[in-house]
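**Student:** Structure provided below as C-alpha cells; questions to follow.
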Amino acid sequence: MQARPVDELTEKEARAELARLAEQIARANRAYHTEDAPEISDAEYDALKQRNLAIEARFPALKRADSPSEQVGGALAEGFAKVRHKVRMLSLANAFEDEDVAEFDARIRNFLGLSADAPLAYTAEPKIDGLSLALRYVDGILMQAATRGDGETGENVTENARTIADIPQRLSGAPEVLEVRGEVYMSHADFAALNTRQEAAGEKTFANPRNAAAGSLRQLDAEVTRSRPLKFFAYAWGEHSEPLAETQMGAMERLKALGFQVNPYTTRCDGPREMLETYRRIEAGRADLGYDIDGVVYKVDDIGLQHRLGYRSTTPRWAIAHKFPAELAWTRLEAIDIQVGRTGALSPVARLHPVTVGGVVVSNATLHNEDYIAGRDSKGEAIRGGKDIRVGDWVQVYRAGDVIPKVADVDLARRPGDAVPYEFPTTCPECGSEAIREEGDSVRRCSGGLICPAQAIEKLKHFVSRAAFDIEGLGAKQVEQFYRDGWIREPADIFTLRARYGSGIQQLKNREGWGERSAQNLFDAIDERRTIPLDRLLFALGIRHIGEVAARDLARHYGSWAALIAAIDLATPAAERQRQAEAAREAERRAAADEGRRAQLKKAADAVWAAEPEIAKEARAAWDDLVGIDGIGATVAQSLTTSLTQEAERASVERLVAHLTIEAVEPIGAVESPVAGKTLVFTGTLEKMTRAEAKARAEALGAKVAGSVSARTDLLVAGPGAGSKATKAAELGVEVIDEDAWLALIGGA
Ligand SMILES: NC(=O)c1ccc[n+]([C@@H]2O[C@H](COP(=O)([O-])OP(=O)(O)OC[C@H]3O[C@@H](n4cnc5c(N)ncnc54)[C@H](O)[C@@H]3O)[C@@H](O)[C@H]2O)c1
Ligand SMILES: [Zn+2]
C-alpha cells in the first residue's frame with residue numbers, strides 16, 4: 001500500500017494514523033522482541049517508525065503519551081527474573097541515506113556549538129544483528145547478565161551467559177564495578193547446523209540467525225543455551241566505577257585487553273566522508289563476514305563529548321545506525337492463494353519458486369490486496385509504473401532480515417505469452433459468502449461473519465494468543481482441532497469446556513495428544529483466566545482497529561466493562577448518524593468539482609446532523625467523548641460501536657462476559673525528578689551549555705520546555721541578557737532562576 005505523503009495529511013488523518021502506527025509498532029515489537037518471532041520485515045518496521053516520526057515532527061501536538069518513538073524494545077518474557085538497569089539500555093537512531101550522515105554530523109556540531117571546520121572524530125563499526133546483553137562485573141567477577149528488555153528493566157540471563165565462551169567469567173585489571181555491553185549473535189555456519197539439528201529432532205527451526213541467537217539466549221534452562229553456539233562482541237558499557245578511556249577507540253582497546261572480543265572492523269573516521277567510505281567498505285565485505293550485520297554504527301569518538309551530547313528519550317545523540325538497504329532476488333510466481341483472516345480480509349499470498357534471499361529460502365510472499373496485484377495504490381494511482389502481477393511472472397522478492405517477504409516488482413520482458421490478469425475472487429474461498437469491498441477500503445472482506453469458519457478460527461486463535469487471554473496449552477493448533485470437532489465455536493465455549501467435557505475427561509484423553517494430566521492442566525489454565533484485565537479482554541475480542549494500544553486507551557478511559565458497554569450503547573445512534581453524514585459528504589466530495597460547490601455540499605452534509613434533533617443530546621455527548629479519547633478517533637469508534645451492537649456478535653460477547661471477572665486498568669506512571677511534569681522556559685544566554693543541550697536535559701527529566709512564558713509556566717531559567725520573558729515572568733509570578741541554580745536543581749553539570 002502506498003502511504004499518503006505526510007505533508008498532505010490533515011490533522012484528523014494524522015491523529016488517526018498515529019494511533020494506527022502505535023498499534024502496528026506495538027504489535028511488531030512484541031512479536032520481535034518478546035517472542036523472537038517477527039511478523040513483519042525489519043525494513044517494513046523501520047518504515048513504520050520513520051513515518052511515525054515524520055508525522056510527529058509535523059504535528060508535535062498530536063504526539064501520543066505512549067508514542068512508539070519513546071519506547072525501546074518490548075515487554076519482558078515471562079519466567080525470567082527482572083533486572084533493573086543502573087544505566088538505561090537504549091536503541092539507536094537510524095540513517096538510511098548518505099545525506100543523513102552529513103546531517104548527523106551537522107546536528108552534533110550545532111548542539112555542541114562547534115564550527116563546521118572544527119575537528120570532530122567518529123568511529124564506524126559494523127552493526128551486529130543479534131541482541132544486546134549487559135554483563136556486570138564486580139571486582140572483576142561476572143555477577144549478572146541481563147537483556148535489554150524495555151530499556152529500563154531486562155531479563156536476568158546470568159546462567160545462560162556463563163555458557164558463552166566469548167564471555168569472560170573473570171577480568172583482571174578492570175574497574176571495581178564495570179558493566180560491559182555488547183551483542184550476542186550466531187554465525188551463519190552455526191545457525192545452519194543448529195537448524196539441521198533442530199529439524200532432525202523434530203523441533204522448531206529459526207528464520208534467521210538473530211532469532212536463533214535471541215531464542216537461544218533467552219532459555220529458561222541454561223543447559224539449552226549451552227548447547228547453542230553463541231558468540232559475543234563487546235562495544236559499549238553501562239555503570240563503571242572509573243572511566244575506561246577518553247575515546248571510543250580507546251575504550252574498545254581496553255575492552256579487548258580485558259579479554260573481550262571487539263569487532264576488528266571498527267575504524268576511526270575524521271568526518272562524514274571517511275564515515276561513508278568505511279560504510280561502503282564494510283558493506284562490500286558483508287557477505288564474507290560469516291555473521292549477519294544490518295548496518296554500520298557511527299559514534300562520536302570523544303567520550304567527554306558523548307556525555308555532553310547525552311540522550312533523547314530512546315536514543316543517544318552521539319551515535320547513529322546507518323542501515324543497509326533491503327535485500328532482493330528474482331523468482332517465478334507459481335500461484336496466488338487467498339487466505340481469510342480474523343476480520344474476514346481476503347489476503348493474497350504469492351506462492352514462489354523457492355529462492356534464497358539474504359540467506360533465507362523464501363517460497364511465500366505477501367501481495368497485500370487486489371489493488372496491489374493490479375498495479376494500483378488505494379487511491380487508484382499507479383505503482384510499479386502500473387505493472388500488474390500475474391501467475392507465471394518473474395517477480396522481485398524483497399526481504400531485509402525479515403520473515404514475511406514481499407513482491408516488489410515484475411519483469412515484463414519475461415512475462416509468458418499466455419499469462420492473464422489475475423482475477424480477485426468476489427466470494428470467500430472458505431465459506432462461499434460474498435466478499436465485499438467497501439468504499440475507501442483497499443481490502444475485500446468475507447461477509448459471512450461468524451458463519452465463516454476461517455474467520456471464526458482466526459478469531460479464536462487471536463483470542464487465546466499471548467497478548468490476549470494467553471491460555472497455556474490452548475494454542476493455534478488446539479483451537480483448530482477443537483473447532484473442527486465442534487467443541488469450541490466461540491470464545492464463551494472455552495469457559496464451558498470443563499462443564500461439558502470435564503466429568504468425562506476420558507473424552508479429551510481419547511483425543512490425539514491429550515492425556516489426563518494435560519487435560520487437567522488445560523482446564524486449570526482456563527480457570528486462571530476467568531479473571532482478566534479490561535484491556536486484555538477488549539483486545540482479545542478481535543474487533544477491527546482495536547489492537548493492544550487502542551484497547552488500553554479505552555480501558556483507561558472507561559475503567560469498567562459496564563461503563564464501556566453503556567457508553568457504546570448510548571453513543572450508537574450518534575455513530576450511525578455520523579456514518580451517514582460522512583457517507584453523504586464522501587459521495588458529494590467525489591461528485592463535486594470545484595471548491596465553492598464542495599463547501600456548499602459540506603454544509604448539506606452537516607445538515608444531516610442538524611435535521612435530526614431526535615438524536616438525543618446524550619448520544620451525541622457519548623459519541624464525542626468516545627472519539628475524543630486520545631488516540632481513538634472516528635475509525636476506531638465506528639468499528640467498536642458497529643461490532644458491539646451487531647446482534648449476533650453482541651450475543652456472543654455477552655455469553656463470554658458471563659463467565660468472566662473483569663479487572664479495571666490503572667493509568668501509567670511518570671519520571672521522578674524535581675522538574676517532572678513542569679513547564680520550563682529558557683531565556684537569555686546560557687554559559688555552560690547550548691540552549692539545545694539545556695532543553696534536552698530538561699526533557700530527559702520529564703519537563704516540558706516551552707518557547708514563551710505564560711500562566712502555565714512553572715519555571716523560567718534566565719541567563720544574562722534575559723529581556724521581555726523575565727519581565728513577563730515577574731508579572732505572572734513565575735519563579736525565575738539563573739543557570740547555576742538550574743544546574744544545582746537538576747543535579748550538577
Ligand atoms: N521486524 C520486526 O517486526 C521488528 C520489530 C522490532 C524491531 N525490529 C528491528 O529491530 C531493530 C530495532 O530495534 P532496536 O531498538 O534494537 O534498534 P537497532 O537495532 O536499530 O539499534 C540498537 C541496537 O543495535 C545493536 N548494536 C549492534 N551492533 C552495535 C554496535 N556496534 N554499537 C552499538 N549498538 C549495536 C544494539 O543491540 C542496540 O541495542 C531494527 O533493526 C528493526 O528493524 C524489527
Ligand atoms: Zn468466509
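Every residue, even glycine, has its Cβ placed from backbone N, Cα and C.
Because the structure is a prediction, the values reported are computed rather than measured.
OK, TrEMBL features for this one:
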ACT_SITE  LYS127  active site, N6-AMP-lysine intermediate
BINDING   ASP42, ALA43, GLU44, TYR45, ASP46, SER91, LEU92, GLU125, ARG148, GLU183, LYS299, LYS323  NAD(+) binding site
BINDING   CYS428, CYS431, CYS452  Zn(2+) binding site
DOMAIN    670-743  domain 'BRCT'
**Student:** For a Cβ distance below 6 Å to any atom of ligand 2, name the binding-site residues from ASP42, GLU44, ASP46, LEU92, CYS431, CYS452 that qualify, or say none.
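**Tutor:** Going through ASP42, GLU44, ASP46, LEU92, CYS431, CYS452 in sequence order, those close to ligand 2 turn out to be CYS431, CYS452.
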**Student:** Filter the candidate list ASP46, LEU92, LYS127, LYS299 of recorded positions, keeping only entries whose CB is under 6 Å from an atom of ligand 1.
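**Tutor:** Cβ < 6 Å from ligand 1, in sequence order: ASP46, LEU92, LYS127.
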**Student:** Would you list, in sequence order, the residues of this chain other than CYS428, CYS431, CYS452 that have their CB within 8 A of the centroid of the site's CB atoms, where the site is the one recorded for Zn(2+)?
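**Tutor:** Everything else in range on the chain: VAL340, GLY344, PRO429, GLU430, GLY432, SER433, CYS446, GLY448, ILE451, PRO453, ALA454, GLN455.
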**Student:** By a 10 A CB contact count over all chains shown, which of the binding-site residues listed here is most packed: ASP42, ASP46?
**Tutor:** ASP42
**Student:** What whole-number Å value do you get for the CA-CA distance of CYS452 (Zn(2+) binding site) and GLU44 (NAD(+) binding site)?
**Tutor:** 31
**Student:** Nearest to the residue listed as 'active site, N6-AMP-lysine intermediate' in three-dimensional space, by Cα, is which of the binding-site residues GLU44, ASP46, LEU92?
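**Tutor:** So, spelling it out, the nearest of the binding-site residues is LEU92.
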**Student:** Among the binding-site residues LEU92, CYS428, CYS431, CYS452, which residue has the largest number of other Cβ atoms within 10 Å of its own Cβ?
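**Tutor:** Compared across LEU92, CYS428, CYS431, CYS452, the most Cβ atoms within 10 Å surround CYS428.
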**Student:** So among ASP42, ARG148, LYS299, all listed as binding-site residues, which is physically nearest to CYS428 (Zn(2+) binding site)? Use the C-alpha atoms.
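**Tutor:** So, spelling it out, the nearest of the binding-site residues is ASP42.
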**Student:** Expressed to the nearest Å, what is the distance separating CYS431 (Zn(2+) binding site) and GLU44 (NAD(+) binding site) at their Cα atoms?
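**Tutor:** Rounded to a whole number, the Cα-Cα distance is 32 Å.
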**Student:** Taking all residues of the domain 'BRCT' (670-743) together, what is their mean pLDDT?
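**Tutor:** Averaged over the domain 'BRCT' (670-743), the predicted model reaches a pLDDT of 83.
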**Student:** Around ARG148 (NAD(+) binding site), which residues of its chain at least 6 apart sit with Cβ under 8 Å of its Cβ?
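**Tutor:** Listed in sequence order, they are VAL72, GLY73, MET89, LEU131, SER132, LEU133, ALA134, GLY154.
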**Student:** Could you say whether, by DSSP, LYS127 (active site, N6-AMP-lysine intermediate) belongs to a helix, a strand or a coil region?
**Tutor:** strand
**Student:** Can you give the largest Cα to Cα distance in Å, as a whole number, for the residues ASP42, ALA43, GLU44, TYR45, ASP46, SER91, LEU92, GLU125, ARG148, GLU183, LYS299, LYS323 that bind NAD(+) in the record?
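**Tutor:** Answer in Å: the longest Cα-Cα distance is 25.
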